[in-house]
């Protein structure tokens, strides 16, 4: 106990003895201190999501293209830029809150306009205009205090001064005190004339060695620079002090030269910054592609279920209602294609391991996404970004992706990409996740083809897919063998009931549900979730023998009445004892029945020609001939009887009379139909003779004083719009599309086992798994001839059952 300290030991005992809630608060505070820069990033992004203006757009872009790309951490210059910019933003917003500005006189009218200039800039007058900016400033000052406590705030200035002195001593010792020698200006050659201003970068220029983010690899600036004295030309161009204004005025005397000189002052540090990212001396190689892919997947899901937020302002809230109408929204299509395209490009960059391409892609994506989300999308949706919750959520997840992408650029791509990330361990979690990954349509095939396109290999596409399939199959077998080792089954012992009823019972229930799913679905979708589809118009047309219609009448609005509970109970009581009628009425409630009250007088004059009228009268007088009466309500039907009192309006367009209710208590179903009287009314006036027909129903329930017709309409419940596309297939359609398709896969699982015993029952797959891994490894190292040999060995192994038996024996 050489470094034993009683005070430290007592302090540790004191903190350990504190209540758990207090220890939790201490832990959360320490986490906050350790990740204070992440807190600043989060607050800045949150402020921009709420404000969504040009004045708050600068800092998020600087985060993703400067701060998160800095090694090992953002410099003091960035934090000072963020602090000063936030303070200036607060002052500007405060200044434009005064009411004498013209745009502040009609705030209620312009506050929701996305393209109103003050709203775009961020200087509009509103309540709480500076709250998030003050929180942002507080977070920045908190991070600044943390850096000062650990002595990291002035680290950059000390490093700059020490490097300045080191470079100066190095230059004096090499050039004999002549600062204007050609050797000291090898990187930057400034001539007296304007035309001779050049900047030369050495071909094999090496960047300053990066400082590791871990505390164990922290090196002093002096030792770091002294180890690079031989590269002093690079240090000169990478440090802006060599381009001081005093030296420039001694060399360049024109205004044009000064402009070029200032341009170089901005360009050179930016160029050197990205050059150091692409060509680091060393890098802590990492792989966060899986997390980036998950972030893109979450964004993809947000687009699918919230596509309406990225297009025209619409009340549609789900994609199923649009797809059920065979319509693909343009906003949904564009967003899906863009999101999917970025995922493909990201996969290509990951496989090629090109940091330069990733940097270019990051810059394009950051500027493109911010321009589209905050300048194009508000005009498309006709509402501000701060009022679009789905777009805000999508942008926040995309910011997580930008942070992971910046971390990947800063650390560099891994040198080897071996297999799927789900195949790194052999347990049930990886097994089921990998199986789910393979069940996604076309995902496995697309990944295999992309890997083959962007990976150096000598294998053909079919051979590549063959290796991938073998590797996936062997991985699944390896997971099952490992599970058998962890949970061994003794010989001669019967299976436990927990396993049998757990696994077998679940499969039985699943199969039963699949078989009876269409019946249950069609039964419940209309009885439980169905909605009443009441008629809006009921029309009656009667034609005699195919001549001009003698009666037309429609019932609408107030003429369509609902039954109350008393009338409905009386209606049910009238059919007590009629089993067929009561069985039919069980599926309907009082809200499903509509009573149509049609006026007895036809709403149109009878305009038949005299010859047709004479011929019709002769047909009516001829009792030996058959004369038909056609009554139409939705389609024309030839009726054996006269007037159907009850009509069923199903979910389709065909309306039918209800025979169960028309038969009544009589054995002859024709007697259940109602009779009507038809009379021709003739009106003689100065304008001439006008005729129309009047109909009256004899056996009415609710109206007997006037000449009229009554019609009961039973409306079937229809499925909700979001499920109508599925229910529209009917029971047989669902059986054909669901039960038979799933049954085909289940049958293959139960009937195709005997053909795969040689490849499924492998006791030990370690050697085959190692062979597949070796193929991946030699491919990544560029040994393409060896890749061909190992692939040939793998194919021979699967062609030779004897060799397969030897390779898969248990190790003794």
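Backbone N, Cα and C define each Cβ position, glycine as well.
Those TrEMBL annotations? Automatic predictions, nothing curated.
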255-271, 425-441, 442-458, 527-543 - the range that TrEMBL marks as transmembrane segment: 425-441
Correct range for transmembrane segment (source TrEMBL, candidates 192-215, 216-239, 288-311): 288-311
TrEMBL annotation (transmembrane segment) - matching range among 129-151, 152-174, 359-381: 359-381
The domain 'Piezo transmembrane helical unit' (34-154) - residue tally per DSSP class, helix then strand then coil: 81 helix, 0 strand, 40 coil
Selection from 50-71, 288-311, 331-350, 425-441, the stretch that has most Cβ pairs under 8 A to the transmembrane segment (393-413): 288-311
Same-chain residues at least 6 beyond the ends of the transmembrane segment (461-480) whose Cβ lies under 8 Å from its Cβ atoms: 419, 423, 426-428, 430-431, 434-435, 438, 448-449, 451-452, 759-760, 762, 765-766, 768-769, 772, 775, 791, 794-795, 798
Within-chain partners of the transmembrane segment (288-311) [C-beta distance under 8 Å, separation at least 6 from its ends]: 317-319, 329-332, 334-336, 339-340, 342-343, 346, 350, 377, 380-381, 388-391, 393-394, 397-398, 400-401, 404-405, 407-408, 421
